[in-house]
Number of protein chains: 2
Amino acid sequence: MKSIFYTRFFILLPWILIVIIVIDIDTKRLSVRNTASFYLSRLGNVHGSNATSLPVIYAITPTYSRAVQKAELTRLANTFRQVPQFHWIVVEDSNSHTELVSRFLARSGLRYTHLNVFTPRRFKRTGMPRATEQRNLALGWLRGHRSVKDKGIVFFADDDNTYSLALFEEMRSTRRVSVWPVGLVGGRRYERPLVEKGKVVGWYTGWKADRPFAIDMAGFAVNLQVILSNPRALFKRRGAKPGMQESDFLKQITKVEDLEPKAKNCTQVLVWHTRTEKVNLGNEPKRQQDSVYIEV
Amino acid sequence: MKSIFYTRFFILLPWILIVIIVIDIDTKRLSVRNTASFYLSRLGNVHGSNATSLPVIYAITPTYSRAVQKAELTRLANTFRQVPQFHWIVVEDSNSHTELVSRFLARSGLRYTHLNVFTPRRFKRTGMPRATEQRNLALGWLRGHRSVKDKGIVFFADDDNTYSLALFEEMRSTRRVSVWPVGLVGGRRYERPLVEKGKVVGWYTGWKADRPFAIDMAGFAVNLQVILSNPRALFKRRGAKPGMQESDFLKQITKVEDLEPKAKNCTQVLVWHTRTEKVNLGNEPKRQQDSVYIEV
């Protein structure tokens, strides 16, 4: 009798232990995983299972060679590195990839696509819209490399603006075309879409108020599927007037009444149209005087 | 005979399973923990055991109210958030903490100290050194709140410069006073200390080459213990000439031959003296025209 009891006990005990251990692992592993994915989700490169289901933000950044270029790209990358599911499309105004930008991107820790197209000299005049060719090349790349299966948001991120991290979480839910205020633009503290009952009904702006979309390039995002289903929507050179690039582009893909207001019904400034001063190089020696070459 | 075999089998099997499970948990938990701490170490707020043994970087940032202030602080915070063991000392040029800066810091996710001191009006003239009172107040705070037990590095981080993350890892090993090149300063692409056999022997600069330390505020860091053991070392108003703030301060705590060159013997530019354009608010309406107040 006693021997049967012991046998049963020794058979049951380990099985009970196994059950306890398995339950214990599951809770612990879950909590470790949650902690990890919380921090992972704050980083751009690596994504937990939640992050990969987010639409990718494709930020299109035209850039050109100048004294402050690497500095500008450095602070942009410092911001973008904290945006989950981020893909940076950098388009140089040059005949080929420059070494500076290539090296910079390779070390940035960001997912990126590096493109280039040279702006014809006749378009490089004051009053002419800038970066048209670069933005269009990026749109062409998206149309050639992404399909209806891909979830994404397209945003035009000029290289001298200032972006808060909150901006990217606002734009991520864009269904077709979303809009929000932009700080320090048009000669005012900010410009913004005026919203009534969740719809855009006008524009608070100090400049060319009669534009169909009185909005800066930094003030809107477009769902990738809208870009793909309007394959001819592009930024225009022919007939384009200064400051009309945004309107010319947006009227090809949406209507004012369909715009989705973000940033608490367009009452928060989460992006600033900052401008960096042109650098004074008046004391730069005519000939190389330093003993080494230093990239700046 | 058969029955004994089965009994033994059923007793041994679960024990073997337990051993396998326990071994399995240990490996998995270890790898999850390693992955997590790798990413945690890239973030400023939370630190693994490695990060806490690093000296804290105290970045002293004087700031003043202007149109681009929040934009500048936003991109600074975006950079600093990725620096482990970081403590931001923000000193406003104001009679009290402004709401904008208080709110901004509280939401920044950074460890910070918020101070303020108003620059007397007689010192607010062109040609006068700027932010003297703010930097000195921060030095006073460090002397009052830190002791010989604290490991730290002190760095003067103006709010419009551009900082690469690599800069902070270079300065972290500062024993007394370290130096490195600064981009886009003094009318040149860069200024830098000239180094021979690991010692600073001169300065590559296009401006006031006869300064004892021909270096910008962004070009050096000081070990916290040097700040504490030289309690009277401060930035000077009396007798201070424009552009001499750095030299006046550094000669109180070090000698040129004792400087520690960083950034590959001062041949890499990891910080840029960028300047943000003053904002044109020419189209701002005289009276509040918008229906809501929006912070910019």
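Every residue gets a Cβ built from N, Cα and C, even glycine.
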Candidates A:Asp93, A:Asp210, the one TrEMBL lists with A:Pro62, A:Thr63, A:Tyr64, A:Arg130, A:Arg135, A:Asp158, A:Asp159, A:Asp160, A:His273, A:Thr274, A:Arg275 as binding UDP-alpha-D-glucuronate: A:Asp93
Cβ neighbours within the same chain of A:Asp160 (UDP-alpha-D-glucuronate binding site) - under 8 Å, at least six residues apart: A:Glu72, A:Thr274, A:Arg275, A:Thr276
Chain B, Cβ under 8 Å: which of the recorded positions A:Arg130, A:Asp158, A:Thr274, A:Asn283 qualify: A:Thr274, A:Asn283
Largest CA-to-CA spread of UDP-alpha-D-glucuronate binders A:Pro62, A:Thr63, A:Tyr64, A:Asp93, A:Arg130, A:Arg135, A:Asp158, A:Asp159, A:Asp160, A:His273, A:Thr274, A:Arg275, angstrom: 21
Site with most surrounding Cβ atoms, counting all protein chains shown within 10 Å, from the recorded positions A:Pro62, A:Glu246: A:Pro62
Candidate nearest A:Arg130 (UDP-alpha-D-glucuronate binding site) in space, where candidates are the recorded positions A:Glu191, A:Glu246, A:Asn283 and distance is Cα-Cα: A:Glu246
Listed recorded positions (A:Asn265, A:Thr274, A:Asn283), ranked by Cβ neighbours within 10 Å, top entry: A:Thr274
